[in-house]
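Here's the structure we're looking at; comments come further down.
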Amino acid sequence: SEKPQQELEECQNVCRMKRWSTEMVHRCEKKCEEKFERQQR
């Protein structure tokens, strides 16, 4: 079975690859976390 944690890390990696400000990347990572938290319920 696919591990949500791995998908979360991939999502966050995409955020980091973008040439955004640190704040924007952080916001993007947070959205990933929120998305995967909802999926697990």
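A Cβ is built for glycine as well, from the same backbone N, Cα and C atoms used for every other residue.
Long-range Cβ contacts of Cys11 (disulfide bond) within its own chain (separation 6+, distance under 8 Å): Glu29, Cys32, Lys35, Phe36. Swiss-Prot lists Cys11-Cys32 (among others) with the feature disulfide bond, giving experimental evidence as the kind of evidence.
Taking all protein chains in view, 16 other C-beta atoms sit within 10 angstroms of the C-beta of Cys28 (disulfide bond). Annotated disulfide bond per Swiss-Prot: Cys15-Cys28 (among others), in sequence order.
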> When you measure from the Cβ of Cys15 (disulfide bond), which residues in the chain that are at least 6 apart have a Cβ under 8 Å away?
Replying inline: Val25, Cys28, Glu29, Cys32
